[in-house]
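The following features are taken from TrEMBL:
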{"type": "REGION", "residues": "1-65", "note": "region 'Disordered'"}
{"type": "COMPBIAS", "residues": "26-45", "note": "compositional bias 'Low complexity'"}
{"type": "BINDING", "residues": "Thr117, Asp191, Glu216, Lys246, Asp250", "note": "substrate binding site"}
{"type": "DOMAIN", "residues": "251-412", "note": "domain 'S-adenosyl-L-homocysteine hydrolase NAD binding'"}
{"type": "BINDING", "residues": "Gly282, Glu283, Val284, Gly285, Lys286, Gly287, Glu303, Asn406", "note": "NAD(+) binding site"}
Amino acid sequence: SQQIQFADDMQEFTKFPTKTGRRSLSRSISQSSTDSYSSAASYTDSSDDEVSPREKQQTNSKGSSNFCVKNIKQAEFGRREIEIAEQDMSALISLRKRAQGEKPLAGAKIVGCTHITAQTAVLIETLCALGAQCRWSACNIYSTQNEVAAALAEAGVAVFAWKGESEDDFWWCIDRCVNVDGWQANMILDDGGDLTHWVYKKYPNVFKKIRGIVEESVTGVHRLYQLSKAGKLCVPAMNVNDSVTKQKFDNLYCCRESILDGLKRTTDVMFGGKQVVVCGYGEVGKGCCAALKALGAIVYVTEIDPICALQACMDGFRVVKLSEVIRQVDVVITCTGNKNVVTREHLDRMKNSCIVCNMGHSNTEIDVTSLRTPELTWERVRSQVDHVIWPDGKRVVLLAEGRLLNLSCSTVPTFVLSITATTQALALIELYNAPEGRYKQDVYLLPKKMDEYVASLHLPSFDAHLTELTDDQAKYLGLNKNGPFKPNYY
């Protein structure tokens with residue numbers, strides 16, 4: 001059911017003048033690469049007049065130049081950031097220790113395309129420790145932490161990424177990961193589907209020999225289902241996005257913590273007594289509403305789904321149409337995964353200094369294109385914050401040009417990323433080691449047993465102790481006492 005609401009999205013993406021999807025970037029305002037995209041605490045400073053990393057000759061301390069990053073000399077800073085992330089990603093570290101002897105990924109040649117941050121570096125280094133060879137590029141031209149990419153290159157990972165790549169650089173980096181003499185990928189780890197799309201289109205022979213694809217974003221999963229429907233998916237793929245350990249944790253708890261972080265870093269707004277409307281009450285909307293309510297904001301919710309709307313009512317939120325409250329609210333947050341949820345008409349009716357931002361998966365939710373007209377003035381206030389000024393002097397505060405607020409304006413809690421990353425690692429191990437014929441050429445959900453295993457790996461950090469069923473209780477419930485405890489559709 002998750003897939004249905006996105007069915008129209010992809011066709012619509014092509015109509016927008018700006019490049020959409022996870023890397024949606026409108027270039028009509030000068031956007032310099034100094035803009036902090038994901039790493040608020042980044043040590044790297046990059047300015048536009050520097051030589052492109054593609055022009056530089058760099059080698060790591062072992063003499064290898066099989067990478068392309070901003071500056072290899074920043075590796076030591078990056079290593080410290082990765083070490084901080086490891087503190088809160090104990091499950092990946094324990095997976096590393098547990099499986100290091102048997103090396104379940106020995107012989108795996110993984111080509112990856114994700115955000116390159118301290119957290120994903122822990123995942124990449126775990127895959128290497130489990131026996132895989134990795135080549136990596138970034139799925140977003142602004143979210144790379146340069147010093148982390150340098151640390152990975154220093155450690156011997158073939159990484160091709162830097163913050164502020166151009167569109168051309170972006171595809172060049174992906175190509176450098178796939179097109180290598182004497183090395184052929186046999187697994188794909190993707191976030192957004194760009195890498196899968198590139199291999200499918202440009203290297204069909206490589207694509208046919210891939211053992212499995214693991215995809216973690218709504219957009220990428222949607223593309224996989226499209227390929228599958230058209231009968232063109234010739235390899236098994238694992239949809240990590242819809243696994244419980246992604247949906248119920250990354251989407252809910254991550255957004256509950258990062259929504260306030262993103263808003264406060266950009267606007268210093270006080271939430272007590274403010275009127276906020278949250279569009280969409282799925283997992284992301286639920287997280288945002290819980291956080292805002294806790295700080296004393298008055299929260300309205302808009303919904304199309306009667307079940308989610310009823311949940312919002314029971315949680316104590318007023319369910320309204322956007323047009324009913326648009327004149328009075330102080331903040332508008334979109335969490336729908338839909339398009340044109342906030343239209344130009346809504347923006348015209350907002351009050352002065354209303355803050356508008358998006359927590360959904362791509363920049364189609366707020367109709368930003370409609371604001372690029374001669375009668376409106378855009379003023380860059382600080383990184384990722386714009387004032388859009390109407391002829392009568394009214395201002396609307398637009399964050400990250402309508403792109404994903406938490407990845408654009410703040411950081412995402414490490415612990416939650418540990419859950420998603422462990423899920424990805426296990427999906428790779430499962431697909432790589434699956435006996436012939438277990439997975440056909442189709443898109444699969446992670447087996448529930450593995451979802452439960454991921455959760456159990458994270459319990460020790462809370463000193464949590466699970467109760468065990470007795471044989472009698474297990475028989476009564478009709479369950480295996482070791483799980484799975486939940487049905488597959490959960």
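Backbone N, Cα and C define each Cβ position, glycine as well.
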Query = Within 10 Å of the Cβ of Lys286 (NAD(+) binding site), how many other Cβ atoms are there?
reply = 24
Query = For Asp191 (substrate binding site) and Asn406 (NAD(+) binding site), what Cα-Cα distance in Å is obtained after rounding to a whole number?
reply = 16
Request  = Count the Cβ atoms, other than its own, that fall within 10 Å of the Cβ of Asp191 (substrate binding site), considering every protein chain shown.
outcome  = 25
Request  = Could you measure between Gly282 (NAD(+) binding site) and Lys246 (substrate binding site) for me? Cα positions, answer in whole angstrom.
outcome  = 13
Query = Which whole-number value in Å describes the distance between the Cα atoms of Gly285 (NAD(+) binding site) and Thr117 (substrate binding site)?
reply = 25
Task = Please tell me which one of the binding-site residues listed here (Lys286, Gly287, Glu303) sits closest to Thr117 (substrate binding site), measuring Cα to Cα?
result = Gly287
Inquiry  = I need the nearest neighbour of Asn406 (NAD(+) binding site) among the binding-site residues Glu216, Lys246, Asp250, using C-alpha distances.
reply    = Asp250
Query = Largest pairwise Cα distance, Å, within the listed NAD(+) binders Gly282, Glu283, Val284, Gly285, Lys286, Gly287, Glu303, Asn406?
reply = 22
Query = If you average the pLDDT over the domain 'S-adenosyl-L-homocysteine hydrolase NAD binding' (251-412), what number do you get?
reply = 93
Request  = Select the most exposed residue of Gly285, Gly287, where exposure means the fewest other Cβ atoms within 10 Å, treating these as the binding-site residues.
outcome  = Gly287
Task = By Cβ count within 10 Å, point out the most packed of the binding-site residues listed: Thr117, Asn406.
result = Thr117
Separation of alpha carbons, Lys246 (substrate binding site) and Gly287 (NAD(+) binding site) (Å) = 14
Request  = Calculate the distance in Å between the alpha carbons (Cα) of Glu283 (NAD(+) binding site) and Lys246 (substrate binding site), and round it to a whole number.
outcome  = 10
